[in-house]
Amino acid sequence: MIYQAETLQVKEVQDGIAELSFCSPKSVNKLDLATLESLDKALDALKAHQGLKGLMLTSDKDAFIVGADITEFLGLFAKTDAELDQWLQFANSIFNKLEDLPVPTISVLKGHTLGGGCECVLATDMRIGDKTTSIGLPETKLGIMPGFGGCVRLPRVIGADSAMEVITQGKACRADEALKIGLLDAVVDSDALYESALKTLTSAINEKLDWQARRKQKTSPLTLSKLESMMSFTMAKGLVAQKAGPHYPAPMTAVITIEEGARFARNEALDIERKHFVKLAKSEEAKSLVGLFLNDQYIKGLAKKSAKSASKDTQRAAVLGAGIMGGGIAYQSALKGVPVLMKDIAQPSLDLGMTEASKLLNKRLSRGRIDGFKMAGILASITPSLHYTGIEESDVIVEAVVENPKVKAAVLSEVESHVGEDTVITSNTSTIPINLLAKSLKRPENFCGMHFFNPVHRMPLVEIIRGEHTSDETINRVVAYAAKMGKSPIVVNDCPGFFVNRVLFPYFGGFSMLLRDGADFTKIDKIMERKFGWPMGPAYLLDVVGIDTAHHAQAVMAQGFPERMGKQGRDAIDALFEASKYGQKNGSGFYSYTIDRKGKPKKTFSEEILPVLADVCTDKQDFDDQTIIQRMMIPMINEVVLCLQEGIIATPQEADMTLVYGLGFPPFRGGVFRYLDSVGIAEFVAMAKQYSELGAMYQVPQMLIDMAAKGESFYGAQQQGSI
């Protein structure tokens, strides 16, 4: 043994050939701070080893290295610029040490080789993988960019254009793709991987492969003419500006880093990369996006815990109510390996549900994500039925009939009589209280809400609603089933609108009040999309949700929270509803809609909306951008905080993920609680007080007032990790 540490070891495997194997005692290999320090010492031991002729990098896991340890990021990023720069210099010196070994080096890859793992293998002379290899640099998705030499080495290995595409898109390349662009030198069968790597390394040792020329190319300036350079970087900047936009600076910074470093040799180019990395690492966007990643891991951890605690795994499911929603739920369940009975009282609805499932499967087939055999198997695992026969075999029932309390109660009571005593029954409802629906059941402890979002196959969130009688076992089984479906389940307590709709409608309330006071809805949409970062402004979102749906939900919310959400008079939603302007579904709402060549609705402004709004709005008044953002966001933020204060949602992490996954809250802002930390709670309280005369929706919750007085934040404890 040449060197041994907890997460890696080095031994001589053949005459003069050493193998450095990453072998963490945990389930995956990560380049955490401790592993980097061990790698540094291992390379020192290799340099001192007599008779070294070549080095192989391997992993004892199915994935080579999944990346750096992201849980350490926020702690690192909280350091001063100088401390972070110093640490990056140390990290880069390790990879330089690997790259500068006086012998040829090869990385032997399988599974994920991502982020820091990819940057590590770029420092070796050659890379060989099997067909499971997935290699890339996803850092820009976290608001940062490669900081261990990825912006320097990748362009010199695969060319500037391909490197900018991989880095700016945060892409992981499949083995065949990586081979095509030169990121891998060879792809072989898994059982031949080790021997092929040894053979390749031996060829390099025997000078049949010019490893020194490869190394020289990686440590020299990029070979681009002035014209090539200008064309490459100008085009890349244009594409990135169009795709990433102003709220996500990391992709553009990566392009600038590659451009600035192109004319320098490795060490000077690394200095440039370091400078830009530090700037990104200190940004609010990086803090938010890394925070979201950590929150996502937290939610996945909770789901795993629930699955372990559940006494029974869901092997079969049933959906009551077909159509688009029922078909979408059935498709998602079947796709993830849980056969499903889809029951409806009408054959046309069953046909629609099966058509929806077939359409979604055909899309996957046309994109090469499944083959015909797999598609047929998935479709066959959805059983459409007009009867309850066979439903007794289901472990979980998802009721997805029309949003009407009487109809739902009748269906729930009926299905309960057809299933076993330990069958879990859920209701896919967006507004009807779970405690109300539970009254129709003999076993309310086996019942909870399971709120899917439309379109089911695309929306990652499922809101799991706990009623006052719901048992922990029921929650655990439903959370485990949602996770099995590939969804992110968030458990909330029952209240009008649950969490998502409860916090959305004060936002719509702020919108209605702005219109009442003379604001232009097209300007509000523009500001909330371009400046704040929502995917859709409130008027457009209402059109997509459906004005009739929003009108109904608004009445439910007003009844549930009369003090904050009760209305003094008619508003814009009432006016559009009364004029039968329901939005996209009938071609006319705040905007008018036509169907484009791809069959998608295209919105345009039409003056016919103006007389409809005239009697609920005062004369036109211009509001500045900041006022619009504040008047729109304060009611939502207050309601989110009240939900935490009242225990409707358990943690800031779960609330923020729900907002991002369920409502499209701008990821670069990280959710309401991350946003409050970023703005400063005391600053938010002072700002909100300026609008207190607008009514109860603008009154700051006591929790925020108390936290502001104590100088507290919601995510203070997440700033961990040390250099």
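A Cβ is built for glycine as well, from the same backbone N, Cα and C atoms used for every other residue.
Bear in mind that the values here come from a model prediction, so they are computed numbers and not experimental data.
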Self-check item: Per Swiss-Prot, member of Ser366, Ser381, Ser430, Ser488 binding NAD(+) alongside Met325, Asp344, Val401, Val402, Glu403, Lys408, Asn454
Solution: Ser430
Practice problem: Could you tell me which of these binding-site residues, Ser430, Asn454, Asn501, has the greatest number of Cβ atoms within 10 Å of its own Cβ? | Solution: Asn501
Self-check item: Cα distance (Å, whole number) from Tyr661 (substrate binding site) to Glu403 (NAD(+) binding site)
Solution: 22
Quiz prompt | Nearest-integer angstrom distance between the alpha carbons (Cα) of Asp296 (substrate binding site) and Val402 (NAD(+) binding site) | solution = 32
Exercise. Just name the most isolated of the recorded positions Glu119, Glu139, Asp296, Asp344, going by other Cβ atoms within 10 Å of its Cβ.
Key: Asp296
Quiz prompt | DSSP-derived structure type at His451 (active site, for 3-hydroxyacyl-CoA dehydrogenase activity), helix or strand or else coil | solution = strand
Quiz item: Restricting the comparison to the recorded positions Glu119, Glu139, Asn501, which residue's C-alpha is spatially nearest the C-alpha of Met325 (NAD(+) binding site)?
Solution: Asn501
Exercise. Filter the recorded positions Glu139, Asp344, Ser430, Asn501 down to the ones within 10 angstroms of His451 (active site, for 3-hydroxyacyl-CoA dehydrogenase activity), Cα to Cα, kept in sequence order.
Key: Ser430
Quiz item: Among the recorded positions listed here (Glu139, Asp344, Val401, Val402, Lys408), which has the Cα closest to the Cα of Tyr661 (substrate binding site)?
Solution: Glu139
Self-check item: From recorded positions Glu119, Glu139, Asn501, the one whose Cα lies nearest Ser430 (NAD(+) binding site)
Solution: Asn501
